[in-house]
2 protein chains.
Amino acid sequence: MKTYRFPAKKTWPELVKRPVFERKEISGLITEIFEAVEKDGDNALINFNKKFDKAITPHIAVSEAEINNSENEISDDLKRAIRQAKENILKFHASQITKTEKIETAKEVICWRENRAIEKVGIYIPGGTAPLFSTVLMLAVPANLAGCKEIILCTPPDRNGNINPAILFTAKLCGITKIFKTGGAQAIAAMTLGTTSIPKVYKIFGPGNQFVVAAKEYAQRYGVAIDMPAGPSEVLVIADRQAIPDFCAADLLSQAEHGSDSQVVFITTDLKIFTETIEAVEKQLGNLPRNEMARQALDHSIFILIDSIEEALEFSNLYAPEHLILALEDFEKFIPMIDNAGSVFLGNYSCESAGDYASGTNHTLPTNAYARNYSGVSLDSFVKKITFQHLSKEGLENIGKTIEIMAEAEGLIAHKNAVSIRLK
Amino acid sequence: MKTYRFPAKKTWPELVKRPVFERKEISGLITEIFEAVEKDGDNALINFNKKFDKAITPHIAVSEAEINNSENEISDDLKRAIRQAKENILKFHASQITKTEKIETAKEVICWRENRAIEKVGIYIPGGTAPLFSTVLMLAVPANLAGCKEIILCTPPDRNGNINPAILFTAKLCGITKIFKTGGAQAIAAMTLGTTSIPKVYKIFGPGNQFVVAAKEYAQRYGVAIDMPAGPSEVLVIADRQAIPDFCAADLLSQAEHGSDSQVVFITTDLKIFTETIEAVEKQLGNLPRNEMARQALDHSIFILIDSIEEALEFSNLYAPEHLILALEDFEKFIPMIDNAGSVFLGNYSCESAGDYASGTNHTLPTNAYARNYSGVSLDSFVKKITFQHLSKEGLENIGKTIEIMAEAEGLIAHKNAVSIRLK
């Protein structure tokens, strides 16, 4: 880990830079995969399962029996936990439903917006080291709430050709029954192009490795939208002297265990907290099963001792963290100073993992400084807002002259005529 | 124009396809322009002005005198019109401000969202055949309302090195005083990378030709966001027997005059309206100054006679038009059937040009079937929504077990520890 004591502001732009990881040149491979899926559809997916996931999957679609059986394969405790998390996520996302408000911008000129669900959405859930059923909740709950007519889910099979039962259980709980055994770039290609089994969708959500990320980028050429650009996960913790080093260390480590490229930043105004948090990180690290990954992430983490909380927030806004924890006594007064962050956790008991799983907020958030220009996933991510307007003849009379003058000044005479012909 | 009488549904997917225009291979040129701007900054822009716009511009920044003088160079009528349009646009976009609502998802687990303006935004306004000061209103009004701290505007100079005074006047009226004489891909590069004169921004808005579109796409590699993917403008009009052919024709032509690649679709259930609208288009076309462009657009326009309004809407949803006009008697009853559209105009007096200029709705809308998965520009386009959460110790106790169980099931033990360490 790297420590900085009172770094000069002119060094900050260097400090907030994310390490650039070498990105393998994989665009050729992505193109090949898309071409194979376009040409051979389901058969291509079956072959890729064999090749990349070492799995024999005669059928790409998960059967009803497999889905129903998942309930028997996970503990009651886990089912209860998933249900409670779902309830909280539903409650928070339901609060994001907006009411249509009609505005009379000029007399008898009525304008408003209405939400319409994106009809077809695809959710990608990675396989690999952790079965991310929590991400199923984070994407399927708002998709369902928004009213998306077709919600499909793709996830790679294990070596026995099966899907993790917690993923199947969670999907079913959220009303998703179109689940497909396919992962990586080929899953993204299938949702983009469609196959016999897999319907093509209008928007693709979900995390993934570099192949998935590259495939989502590539998919946009076909008119598909994606949730947001991707990058490694990150947390920035700001602590004052009332913070509890053991808590701060636990939060930093919960970020570090995500992967060796995870970003971890700790800023405090208090020397004692600074020293003790570093010690606590070292101490807690030893007991983690994923400690090798966390150790690598910590190698490029930064710990900063700074003069004031105001300065810490200035640094944080420049960094634009995905997760921001304010382990501060009077956190409320600092909220208005936050400009750039994905999700903010306030006080000593709001740990990041609360938001990762069960408090109700979404955990699909902007990384890699995208918190400057992107929001996290919310109900809005699954709808379009369509504007409507109604002008009576009188309404058009009220703004007609304005339209005619402006259209003429822009040299668009047919635009002017559309008014003139109605008012003459 | 192409006419279809009662086309079979199986032919619709072919009919809704946008014509594919040959896209010149310009990525090499875009890379070169970005490299030149990165290396030579303002000087590169000055050189490009000379090369592409035949303009001598010793200074890239528009001077205060130039901005102030614009007021004297346009008519009082135009000033009055721009002011009225601005007022309506402001009124409608102000209605999009959402209030923060705190939700207690579980006891003492409080979650909410707050809006924060994207700090730095760039607006691109094309030069060329029409000075699009209306687009200045559509982008600057919500940017200002959102509270963006830095709003800059780039637009190419004319051959005398000047900017159209209506653009300058409108920009100033909206509080924008950082205006720069640069156009095309180089303007996008400058806003992405920054130069001595031009600050770099986090999000770029605005229309443009194929070079601008390609540059906006390229800019995203640098972490910049853009308003939306681009395509030619389009209108789809659905008319019943009470529609007025002259009005419908005027609306179709106001779309067609945008450019030879504009998309125009007309659907009616009434043979008389069908025939008379086609005649009216031909008649009105002759009088248009931009009739050659409109004629080319009409060549690939489609006119459809159909059985029912329900079917017309089904076709429209498949097409997903940027602008949808319902020239229908009982338009209200059809609103719920609209799934995919950018902006909808209701009844005989809601012409598209009302929304293009002055009713208050935004005219920056999704084209090329992107109305299936994107919204038009709104206040939301200029803000991020940050989630906040506060859990008291009791709050964490209420959901702690759930977090621990889920984290463990995902194999993320440090996530679990962040809870356990707080609750033990």
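A Cβ is built for glycine as well, from the same backbone N, Cα and C atoms used for every other residue.
The shown structure was predicted, so the numbers you read here are calculated from the model rather than taken from an experiment.
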Candidate from A:Ser95, A:Ser197, A:Ser233, A:Ser381 that TrEMBL assigns to the same substrate site as A:Gln255, A:His258, A:His323, A:Asp356, A:Glu410, A:His415: A:Ser233
Chain B neighbours, restricted to the recorded positions A:Tyr124, A:Gln186, A:Asn209, A:Ser233, A:Glu322, by C-beta under 8 angstroms: none
Sparsest-packed of the listed binding-site residues (A:Gln186, A:Ser233, A:Gln255) - C-beta count within 10 angstroms: A:Ser233
Residues that sit under 8 angstroms from A:His323 (substrate binding site) by C-beta distance, when 6+ apart in the chain: A:Ser233, A:Glu234, A:Val235, A:Leu236, A:Gln255, A:Ala341, A:Gly342, A:Ser343, A:Val344, A:Phe345, A:Glu352, A:Gly355, A:Leu365
Fewest-neighbour residue among recorded positions, criterion Cβ within 10 Å, set A:Glu322, A:Asp356, A:Glu410: A:Glu410
Least Cβ-crowded entry, counting other Cβ within 10 Å, from the binding-site residues listed as A:His258, A:His415: A:His258
Candidate recorded positions A:Tyr124, A:Gln186, A:Asn209, A:Glu322, pick with smallest Cα gap to A:Glu410 (substrate binding site): A:Glu322
Span of A:Tyr124, A:Gln186, A:Asn209 around NAD(+) - largest C-alpha separation, Å: 12
Neighbour tally for A:Asn209 (NAD(+) binding site), based on other Cβ positions within 10 Å of its Cβ: 16
